[in-house]
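Per TrEMBL, the features are:
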- 1-125: domain 'Major facilitator superfamily (MFS) profile' (DOMAIN)
- 20-41: transmembrane segment (TRANSMEM)
- 53-76: transmembrane segment (TRANSMEM)
- 88-106: transmembrane segment (TRANSMEM)
């Protein structure tokens, strides 16, 4: 998520160059899509029996930014200036950076204790 944040920040300083903006947004979105593989496989890693349930929960919370983002972008761009759009992309880059930092600190691929099935506990003994 760090590289997508870098390209979103680059959009802030591309001025009105539509070629640069589209290029940076394409790179940011493409590289951001790579993180999806990590999100989906991590649910299987930490709780194989409950991965579908976890996917439902994470997708539910993952759609909230899609609902809130247009409202926030509209608020920031009320005056229709580049400075307003700069704020939008800085916030988006900050969210990416925050996600990367939080996952780096708290992320794990170990099966969680609450996800261990009784059969697995008996086999370990």
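Any Cβ shown, glycine's included, is placed from N, Cα and C.
TrEMBL entries are annotated by machine, without manual review.
Counting same-chain residues at least six beyond the ends of the transmembrane segment (20-41), those with a Cβ under 8 angstroms from any Cβ of the stretch are 1, 3-5, 7-8, 10-11, 14, 55, 58, 96. Under DSSP, the residues of the domain 'Major facilitator superfamily (MFS) profile' (1-125) split into helix, strand and coil as follows: 104 helix, 0 strand, 21 coil.
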